[in-house]
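Contents: one structure, followed by commentary.
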Amino acid sequence: MKFAEHLSAHITPEWRKQYTQYEAFKDMLYSAQDQAPSVEVTDEDTVKRYFAKFEEKFFQTCEKELAKINTFYSEKLAEAQRRFATLQNELQSSLDVQKESSGVTTLRQRRKPVFHLSHEERVQHRNIKDLKLAFSEFYLSLILLQNYQNLNFTGFRKILKKHDKILETSRGADWRVIHVEVAPFYTCKKINQLISETEAVVTNELEDGDRQKAMKRLRVPPLGAAQPAPAWTTFRVGLFCGIFIGLNITLGFAAVFKLETDRTVWPLIRIYRGGFLLIEFLFLLGINTYGWRQAGVNHVLIFELNPRNNLSHQHLFEIAGFLGILWCLSLLACFFAPISIIPIYVYPLALYGFMVFFLINPTKTFYYKSRFWLLKLLFRVFTAPFHKVGFADFWLADQLNSLSVILMDLEYMICFYSFELKWDESKGLLPNDPQEPEFCHKYSYGVRAIVQCIPAWLRFIQCLRRYRDTRRAFPHLVNAGKYSTTFFTVTFAALYSTHKEQNHSDTVVFFYLWVFFCIISSCYTLIWDLKMDWGLFDKNAGENTFLREEIVYPQKAYYYCAIIEDVILRFAWTIQISITATTFKPHVGDIIATVFAPLEVFRRFVWNFFRLENEHLDNCGEFRAVRDISVAPLNADDQTLLEQMMDQEDGVRNRQKNRSWKYNQSISLRRPRLASQSKARDTKVLIEDTDDEANT
């Protein structure tokens, strides 16, 4: 692998600009070589002066890069030392509390199930769990910084070696010895000490001296491009997708020959439409994940996932394919119910019952950690006023806004099975009384309108909670206003629908109000999409016209196409209103909803790419590469104490009590190395040391 590719694959995306600009140096060298005057047409002194002038400029650029790297490394190292001191302080506090409450001086307390613990013990258990997670994330940040150190040194060595080869000199090697090999970022070994200290703390204080267990917790995933999925996962993805495509073709033929009347067709469509949208969403989310990884958008950090264990795009494709097969088989079974002994109404219940069980399955199988993460996130979304709102919380609520048809179809299914289904008819999903008009998919009783407003309500209260936490009217109250327009749109749509059915004279008034609020809502959301969520139309965009100063995806055309797509689909309701207002044929609204619901899921899929890109660029601006997890917040006095601590000989002091560590193995930054640390640590990221210039 060429070093440029290796560097690109292994850098920390949020620190991209802080690495040595290896490609720029290469371009300088090749450009100087191409533009050099020929000895055949000019004298040798002119050639020497040309290269001397170039070398002066080249080494000045090297000095600037070296200063940049030294500064960034020093800042990150100081930040790591402060963070380590904070974690030490929090660990000491937890140990002191435990000692006072139970008389146990270490974490080797008797093992009891969490549900048997007292309230104080539960709090302590949570603190220890948070500390383990915090040390794990901190360890990852140390490895990233060590990787930064190694990559930059190798980059300087490679480019200076190339300089000497092209210019046929040894001044590059001399410059490296004089400047790079004595640079603070290379000579400073405190990062290795911090790594050893962290391993010792986690092993001795958090894992009862079990080093194997500690290192398993601290294990850092391979730094670089996404690792290939296991062969069996790839096989299952191909198998499931192939079967799903084949079953869809079969469904198409079966639908032509098996469906008979509208009374049979539309209950099936409404019940199975939501399942299809969910499968489409999972598949497109897999494409999102693949695109983020390829472009270097760190979605793992943005969603605050566990970097050591999370779903890849192949896993999402596998889940979508598997559920897609079940969906097709269930629908096919409904088509062939007349020749089956199982009543038709059993198949939808079995399908969605399995989906629910798959999600809440308590056994540690079938992506248990990812499912548990999703369940916790759903709980936080539906209890938004009572929790601080993070990115993953409002991202998921935004997805629910595009999946509102699923909630409406779920409401329809519950209503249909409860009030309309003719249970003694096993061959078709028929209403109990064919003479009575269907009411479950209408707004007559207001329940459907309420269900349709639930996703917008969740985002609305999330915005209010964020305003409460930050006291910033912009953007949070303004964003809440955006979601409030949905309430008016749905309300007047429901009033128009019910008044139209009853031939009221004021129907046209509600129609115009519906159209008015649709226009307001679409313009509001479109502007917010482009300007706030995507960060486009930046006045400092420079050559990226109508975009922003920095873009991640390689082609500008992606952004322009996304803008056009967002405008079209944000105003797709105009087609729906035009058709429903000018025709009185039954089920026209259902047909349009069935067509436009997948398009809305696709619009959200495109939105996801640029929303996460914008969040990623914010992280890059803050050089935030790992989660910042803390057990106890620091007040101003604590922060001052931690800053002063770095110059004290006795290390960290407890912030509740003015005392030092009293354990045999002090974990002060200045303590002697442990005997167990004399062994070489297998934590460094390997840098390919290829001297073959063809590979550089």
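Glycine is treated like the rest: Cβ placed from N, Cα and C.
As given in Swiss-Prot:
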- 1-228: topological domain 'Cytoplasmic' (TOPO_DOM)
- 158-165: region 'Important for inositol polyphosphate binding' (REGION)
- 229-259: transmembrane segment (TRANSMEM)
- 265-296: transmembrane segment (TRANSMEM)
- 297-309: topological domain 'Cytoplasmic' (TOPO_DOM)
- 310-337: transmembrane segment (TRANSMEM)
- 344-365: transmembrane segment (TRANSMEM)
- 384-388: topological domain 'Cytoplasmic' (TOPO_DOM)
- 389-422: transmembrane segment (TRANSMEM)
- Asp398, Asn401, Lys482, Tyr483, Arg570, Arg603, Arg604: phosphate binding site (BINDING)
- 430-471: transmembrane segment (TRANSMEM)
- 439-643: domain 'EXS' (DOMAIN)
- 473-503: transmembrane segment (TRANSMEM)
- 507-534: transmembrane segment (TRANSMEM)
- 535-553: topological domain 'Cytoplasmic' (TOPO_DOM)
- 554-585: transmembrane segment (TRANSMEM)
- 588-626: transmembrane segment (TRANSMEM)
- 627-696: topological domain 'Cytoplasmic' (TOPO_DOM)
- Ser668: phosphoserine (MOD_RES)
- Thr690: phosphothreonine (MOD_RES)
Between the transmembrane segment (310-337) and the transmembrane segment (588-626), are there three or more CB pairs that fall under 8 A, provided the residues in each pair are separated by 6 or more in sequence? no
Compute the average pLDDT of the predicted model within the domain 'EXS' (439-643). 88
Could you give the residue numbers and ranges of same-chain residues that sit at least 6 residues beyond the transmembrane segment (344-365) on either side and whose C-beta is under 8 angstroms from one of its C-beta atoms? 271-272, 275, 278, 323, 326-327, 330-331, 333-334, 337, 371, 374-375, 413, 417, 421, 423, 426-429
Interface-richest range of 265-296, 310-337, 389-422, 507-534, 554-585 toward the transmembrane segment (229-259), CB pairs under 8 Å: 310-337
What is the three-state DSSP composition of the topological domain 'Cytoplasmic' (535-553), stated as helix, strand and coil residue counts? 0 helix, 0 strand, 19 coil
For a three-state summary based on DSSP, what are the helix, strand and coil counts in the topological domain 'Cytoplasmic' (297-309)? 4 helix, 0 strand, 9 coil
Write out how many residues of the topological domain 'Cytoplasmic' (384-388) are helix, how many strand and how many coil, based on DSSP. 3 helix, 0 strand, 2 coil
Considering all pairs of residues in Asp398, Asn401, Lys482, Tyr483, Arg570, Arg603, Arg604, annotated in the record as contacting phosphate, what is the maximal C-alpha distance expressed in whole angstrom? 18
Between 265-296, 389-422, 554-585, who has the most Cβ pairs under 8 Å to the transmembrane segment (310-337)? 265-296
